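**Q** Take this structure, written in structure tokens, and hold onto it; I'll ask about it next.
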Amino acid sequence: MIELYGTPRSRSLRVSWLLEELALDWQYRFIDFGQGAQHDADFRALSPEGKIPVLVDNGESVAESLAICIFIAEKYAPESWLPMRGSALSAKHWQWCSFIVSELEQGLWTLAKHKFALPEPQRCPEIANTARWEFNKAAKTASLLLADSAYCCGEQITVADILLAHTLGWALKSDCVLPENLVKYYQHMSARPAMRKALQKEIDFAEQQKHTM
């Protein structure tokens with residue numbers, strides 16, 4: 001049994017999207033931050049910092065969206081969602097993954113932290129302009145790296161594409177302006193049936209669990 005702990009539209013969507021792409025059987029465990037579910041002892045045993053997403057697969061737990069997606073791809077679809085290990089394309093894939101989680105999303109996460117995620121005394125609203133500048137700078141780099149390619153690694157869709165598309169959707173919801181090729185790329189990726197199914201499944205599971213609490 002695969003269990004995914006998260007909240008709808010968060011980084012857990014990266015994981016649920018990949019699970020749906022691979023047509024795997026999984027269950028969603030909604031962590032309601034508004035009700036303090038992140039402090040639950042059972043959840044803290046899986047995620048000591050109380051952060052999401054967390055995946056549990058046959059008793060083995062994995063945290064961090066990138067690590068989870070790589071774990072899933074390596075275990076269930078190594079030949080279709082990851083370039084051949086040791087190849088130049090694999091290095092490019094890791095370059096993309098590292099760039100997305102360490103550069104591209106950081107400005108967005110800074111915006112979110114200082115808007116709602118951090119305790120109010122630790123928030124600094126004045127940092128918003130710097131965070132947007134940081135994201136815009138990284139988005140220009142992403143635009144140059146992607147150019148007119150269909151996917152991050154050329155014609156093969158990979159884990160990096162799910163990470164990139166989710167991050168671009170996050171940016172649009174944060175009222176960021178994207179380069180034209182990134183907008184087209186996001187529209188293409190977000191139209192995939194697996195993404196829509198994953199999001200709806202997250203929402204439905206969350207609603208069901210709210211009513212049973």
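These residue numbers are counts, starting from 1, taken along the chain as shown.
Just so it is clear, glycine is given a Cβ too, placed from its N, Cα and C backbone atoms.
Quick paste from TrEMBL:
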type   : residues : note
DOMAIN : 1-80     : domain 'GST N-terminal'
DOMAIN : 86-212   : domain 'GST C-terminal'
**Q** Taking DSSP states H, G and I as helix and E and B as strand, how many residues of the domain 'GST C-terminal' (86-212) are helix, strand and coil?
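**A** Helix (H, G, I), strand (E, B), coil: 100 helix, 2 strand, 25 coil.
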**Q** Across the domain 'GST C-terminal' (86-212), what does the mean pLDDT come to, as a whole number?
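**A** The answer is 96, the mean pLDDT of the model over that range.
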**Q** Can you break down the domain 'GST N-terminal' (1-80) into helix, strand and coil residue counts using DSSP?
**A** 34 helix, 18 strand, 28 coil
